[in-house]
Amino acid sequence: MHRNAFDLIRHLAALSVLVSHHYALSGLDSPGLGGSHNLGALAVLAFFSISGYLITLSFCRSASFSNYLLKRVARLFPALIGCSLLMVYVAAPLLSERGMSRLLDGSALLDFLRISAMGQANLPDVTVGFIFPDSFNGSLWTLKIEFACYLAVAALLSLTRGPLLPLGAALLLAGLSGYLGRFGEGVWAAKLTTYLSVASAFFLGSFFAFRQAWLARPEVLVSMIVVGIALLGGTLGSAWSLPVGSLAMCLITLGVGLLFTDRLIAGRFDVSYGIYLYAFPVQQVVINRSGLGFYPGMALTALLVLVLAALSWHLLECPALRMAHRRAARSVVAPVGGQME
């Protein structure tokens, strides 16, 4: 049994993103702490914080970079490709006025390849007339940042395996995020501010992977939670709310995740990624095409997404991860513990 609550936190975070997006895609303000700290944004920071911690442990326990990369690819891409396939070849022909003809001119293949390679899920003939027409699946932006963090942490730890470089990266990224948030202009400055802030949470999580002696002490974990809450609340409304809040969410997430033990999920399954992948497109359809009210629509969305996420886990994610871990185990000297990452 895993001696943490990371599985439970990830599932709660995925459902929080679903709830937050249901407001946004309905044209309403998302609940949260205000400003950039809506419920979905806080949940994404929790994801990145846990990922930074666990991925660093995975890298340190991998026999080679190729083994590490194989596990990372197996975690992200099979489920993403499956989601892309359903969006482009099933949902799009049913929702677009072009119908099945959109599959015949080559654009569908380009859409499928772009989305499967972590590109934008822009399907304008599908989302025309939607409350939010900019993307059929706006959640996918985090995946390219996540994968870039996988590569970056491997590069840093290949130089020297220790806490200093991840900590330096976390502080540098947070500082750049704060600078851009205050002085940057335009759409790309806003995007980079967000990208840098979530990456800073990842690298702070990576730093704590090298501080197991600290994390074994409950008083340290409680202190992390208290300091995190103080930083998060103390910077709300300020220019440094996003970068400081990102680091604060890492402290809170890791503190809570390591202070408590999850006995509900405890490694038995992980449909959090599937929930995250499928929630946005299902919500787009339910909100704009079903005619249901806000809360019935949210309930139907949650039900459909849980079914799709379970299928994704059992048919794609779990088999791919098992295959990757079996191949990696052939060259691993010591067994790898922890969550299936």
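Cβ atoms here come from the backbone N, Cα and C positions, even for glycine.
The annotation domain 'Acyltransferase 3' is assigned in TrEMBL to 4-310.
What TrEMBL records for 40-61 (among others) is transmembrane segment. Sequence-distant contacts of the transmembrane segment (40-61), counting only residues of its own chain at least 6 positions beyond either end whose CB sits under 8 Å from a CB of the stretch, comprise 6, 9-10, 12-14, 16-17, 19-21, 24, 30, 32-33, 68, 71-72, 142, 145-146, 149-150, 153-154, 157, 161, 166, 197-199, 201-206, 208-210, 245-246, 249-250, 253-254, 257, 276, 332, 334, 336-339, 341.
Within its own chain, the transmembrane segment (73-95) is flanked in space by residues 102-103, 108, 111-112, 115-116, 118, 121, 123, 125-126, 136-137, 140, 143, 146-147, 273-274, 277-278, 281, 285, 289, 308, 312, 315-317, 319-321, 323-324, 341, which lie at least six positions past its ends and keep a Cβ under 8 Å from the stretch. Per TrEMBL, the feature transmembrane segment maps to 73-95 (among others).
Annotation source TrEMBL lists transmembrane segment at 164-181 (among others). A Cβ distance under 8 Å defines the sequence-distant neighbours of the transmembrane segment (164-181), meaning residues of its chain 6+ beyond its ends; these are 52, 56, 152-153, 156-157, 189, 192-194, 196-197, 199-204, 206-207, 209-210, 239-240, 242-244, 246-247.
Look at TrEMBL and you will find 187-208 (among others) tagged as transmembrane segment. Tertiary neighbourhood of the transmembrane segment (187-208): same-chain residues 36, 44-45, 48-56, 142, 145-146, 148-149, 152-153, 163, 166-167, 169-171, 173-174, 176-177, 180-181, 214-215, 242-243, 245-247, 249-251, 253-254, selected by CB-CB distance under 8 Å and a gap of 6+ residues from either end.
TrEMBL lists 220-240 (among others) with the feature transmembrane segment.
For the transmembrane segment (246-264), the residues of the chain that approach it from at least six positions outside its boundaries are 1-9, 42, 45-46, 48-50, 52-53, 170, 174, 177, 197-198, 200-201, 204-205, 208, 215, 218, 221-225, 227-232, 235, judged by C-beta separation under 8 angstroms. Residues annotated as transmembrane segment in TrEMBL: 246-264 (among others).
Taken from TrEMBL, the feature transmembrane segment covers 293-316 (among others). Beyond the transmembrane segment (293-316), the same-chain residues lying 6 or more positions past its ends with a Cβ under 8 Å from any Cβ of the stretch are 15, 18-19, 22, 26, 78-79, 81-83, 86, 269-275, 277-279, 282-283, 286-287.
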